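**Q** What TrEMBL records for 66-480 is domain 'Amino acid transporter transmembrane'. According to TrEMBL, the feature transmembrane segment maps to 72-91, 97-119, 145-167, 194-212, 219-239, 259-278, 306-329, 353-374, 395-419, 425-446, 458-479.
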Amino acid sequence: MGEVVVPIEDKSKHVLPLYLPPTPVPFQIITIKDTPGAAAGVSPPPQGVVNLSELESWLPLTESRNGSTFSAILHLLCSGIGFQVLFLPVAFASLGWAWGIICLSIAFMWQLYTTWLLVNLHEPVPGIRCSRFVRMSILAFGPKLGKLLAIFPVMYLSGGSCVMLIITAGTSMEQLFNIICEEGTMCGSMSLSGTQWFLIFTCIALIIAQLFPNLNSIARVSLTGAITSIGYCTMIWALSISKGRPNDVSYGIPVADRTGMTGFGNILNAIGIIMLAFRGHNLILEIQGTLPSDSKHPSRKSMWRGVMVSYMIIAMCLFPLAIVGFWAYGNKIPEEGILTAFTKFHGQDTSKYVIGLIYIWLTISCITSYQIYAMPAFDNLEFIYASSKKRRCPGWVRAGIHLFFGGVTFFVAVAFPFLGKLAPLIGGMAAVPLTFVYPCFMWISIRKPRAKGAMWSLNLGVGSIGIVLSLLLIVAAVWKLDDKGLNANFFRP
């Protein structure tokens, strides 16, 4: 009697038992009796199994593998530029010019390197593709440790990001309404509550989600998201230059804010803001999974071309926004970010339609980002149905899954509208390790470079630094919450 290890995405016609939990293990041990068929590597599918290739073709992330470098660029831009970039000037206010630019540059190169690692780990051996981050983690660290390390970060960066998008877009829509419908006008007396704005955004996002069944099909949505994200970032820093600096802008850090525990905490929180501005690593493998791949044209080549183009554009958005934002507002910039600073200092001398356009682009960007960040959750829920029923999700089930997920994210957004203030804490536990740490140790575990060689030492060192930094960011976030408190306005958005 022998055992055969069957990979999750082997293109051969192996079968996968349907006992797997929502996040499946990447290998299944199938015991095969010593029969002629077994010796040939072929065994008839037992009852209660489903063909791997067929199962993959049913799920939203891998239903279509007809993507292109251009579609990958769009997905990377839509997922990589978010509202978090609006807080970069706040980090510069705590770090100063030199250290702000240095930290932003190091973080950019660091996350670009870990992206390269993930792109090259997508196909660990020819014919096997890891199109989901959790499966890659399990392949690298084993079923128990892999799930323990990856499930919470992936859940937070999927569902948690969607919750934050609801909160951010709902607030932006309310601000837009207040700008257009001033007090005394007919529509000014028809203002909605925060919960109602959250509900409007969620309904719009779910309608769009229902129109596009898989990740590859939302390329046009990602195109819209990329345009609007680049648009509001560019518009904010360009207007900040044209309007000039307010009076008495200073770039020095007060002595009280740069000494003792206060200074140490401010520096770590600033580094956390910079590191959390880089997002989307939980979607790198998924985006690459939409690209075709064969022995002559592996997906890593077209994906890396997409990464280089998209990250060049991302850098052109992040660096000017951070540098110009700090130049324009200095230490006067509020904790709410550069958009709040612009409306505070230049709202009176700027057309309300111009400011309104920024909020419109920000809202559209959140709507499009919701689609791509919700896709792993949709995929996981559809996997539960498809593996248990042994058939593709019908339209009404898919609609029910979308409504369920949308309802959960809407409820969490209404119940915890202060979730953004917990982002440094949760991000230190989830986003920072996933983005800056895990890919390094995955490379060591899967590729097994020569011990104490260049790649082994580099990944071990970078990953270890990331772990220490993640722990320090968590400590700094806890200290800040203890020092300034938390306005926990439950169910009062």
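Using N, Cα and C of the backbone, Cβ positions are placed for all residues, glycine too.
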**Q** Select the range from 259-278, 306-329, 353-374, 395-419, 458-479 that forms the most Cβ-Cβ pairs under 8 Å with the transmembrane segment (425-446).
**A** 458-479
**Q** Ranking 72-91, 219-239, 259-278, 306-329 by Cβ pairs under 8 Å to the transmembrane segment (458-479), which is first?
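**A** Ranking 72-91, 219-239, 259-278, 306-329 by Cβ pairs under 8 Å to the transmembrane segment (458-479) puts 259-278 first.
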**Q** Per the definition of 3+ C-beta pairs under 8 A with sequence separation of 6 or more, do the transmembrane segment (72-91) and the transmembrane segment (395-419) touch?
**A** no
**Q** Might you confirm whether the transmembrane segment (194-212) is in contact with the transmembrane segment (97-119), defined here as three or more C-beta pairs under 8 A between residues 6 or more apart in sequence?
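**A** Between the transmembrane segment (194-212) and the transmembrane segment (97-119), which are separate recorded stretches, there is no contact, as judged by 3 or more close Cβ pairs.
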**Q** Determine which recorded stretch among 145-167, 219-239, 395-419 has the most C-beta pairs below 8 angstroms with the transmembrane segment (194-212).
**A** 395-419
**Q** Pairs of Cβ atoms less than 8 Å apart decide it: which stretch in 219-239, 353-374, 395-419 has the most with the transmembrane segment (145-167)?
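**A** If we count Cβ pairs closer than 8 Å to the transmembrane segment (145-167), 395-419 scores highest.
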**Q** Taking residues 6+ outside the transmembrane segment (395-419), which of them lie with a CB under 8 Å of any CB in it?
**A** 159-160, 162-164, 166-167, 170, 194-195, 198-199, 202, 205-206, 209-210, 213, 374, 377-378, 381-382, 385, 486-493
